[in-house]
Amino acid sequence: MAALGGDGLRLLSVSRPERQPESAALSSPGPGLCCWVSVFSCFSLACSYVGSLYVWKSELPRDHPAVIKRRFTSVLVVSSLSPLCVLLWRELTGIQPGTSLLTLMGFRLEGIFPAALLPLLLTMILFLGPLMQLCMDCPCDLTDGLKVVLAPRSWARRLTDMRWLRNQVIAPLTEELVFRACMLPMLAPCTGLGPAVFTCPLFFGVAHFHHIIEQLRFRQSSVGSIFLSAGHLIGPVLCHSFCNYMGFPAVCAALEHPQKWPLLAGYALGVGLFLLLLQPLTDPKLYGSLPLCMLLERTGASETLLCS
């Protein structure tokens, strides 16, 4: 060894691999295990949400006020406990988001006004054709219609309507909280932000499969799910509520409408404007810093266009 000299000793010291501390190697699970934990957590949330709807056994139809009230109770309990699942996921994976869990889930004030208005405006543009059809078929003019919509008595009547509360308030709020705000942060470090946005509807479909059992009819999913990537929950909730109110576009009825050509032009114009305005109205610069991007940076996930 002495014959090697200083240069030889340095060469041996460089070529010898350094042992990693066992504590560092065991501090967090590998990426494969993290993905399994994320998928299992999301699947558990979806099953819990659906299971809460069937806790109350009843022969009454799902639109009966008594059934709706019971389901309100169960889904509100599950939704209020769902952030605990994200907290448990963080502890199991060792991932540190770099921000509070509430901020990560879209509960923040920065950029809240554009996050509430711009996604809803974009969704209304997409529904330009159905909105035109609704106005054409309305027996009253626009002024009288606005008076009816804004009247306090009309709102008081809605707030006592269980089906309206379910479709416009409880379902959008609880579903977006569970299937967007809680699931996206858990899936994003595993799949990346873009694939995570398109993976969430798979779990969302689990929650809506029970409608096929109860009633064979199509129910649209929320158009506003992608806007959670703006870092706010309020946008997806409002868009979800609006889509529930509008329902699926009645294209067949538009084809048989007396004014079908203006209506079809409205449908085409709405889709065209939606595609044209989608990128500028969902620019992350409008909504402030994105907590999900901070999460991806801390986990070393590949960058997405939203975070660049």
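Just so you know, glycine gets a Cβ as well, placed from its N, Cα and C.
Straight from Swiss-Prot, the features:
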type	residues	note
MOD_RES	Ala2	N-acetylalanine
TRANSMEM	25-45	transmembrane segment
TRANSMEM	75-95	transmembrane segment
TRANSMEM	112-132	transmembrane segment
ACT_SITE	Glu175	active site, proton donor/acceptor
TRANSMEM	186-206	transmembrane segment
ACT_SITE	His208	active site, proton donor/acceptor
TRANSMEM	233-253	transmembrane segment
SITE	His240	site 'Transition state stabilizer'
SITE	Asn244	site 'Transition state stabilizer'
TRANSMEM	262-282	transmembrane segment
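Put simply, of 112-132, 186-206, 233-253, 262-282, the stretch with the most CB pairs closer than 8 A to the transmembrane segment (75-95) is 186-206. The local packing around Glu175 (active site, proton donor/acceptor), expressed as other Cβ atoms within 10 Å of its Cβ over all shown chains, amounts to 23. Between the transmembrane segment (112-132) and the listed ranges 186-206, 233-253, 262-282, the one holding the most Cβ pairs under 8 Å is 262-282. His240 (site 'Transition state stabilizer') sits 9 Å from Glu175 (active site, proton donor/acceptor), taking the Cα positions as reference.
A helical conformation is recorded for Asn244 (site 'Transition state stabilizer') in the three-state DSSP classification.
In this structure, the CA atom of Asn244 (site 'Transition state stabilizer') is 12 Å away from the CA atom of Glu175 (active site, proton donor/acceptor). Through the fold, the transmembrane segment (233-253) approaches residues 105-107, 112, 115-116, 118-120, 123-124, 127, 129-131, 133-134, 167-169, 171-173, 175-177, 180-181, 218, 220, 222-225, 227, 267 of its own chain, all at least 6 residues removed from its boundaries and within a Cβ separation under 8 Å. The local packing around His240 (site 'Transition state stabilizer'), expressed as other Cβ atoms within 10 Å of its Cβ over all shown chains, amounts to 25.
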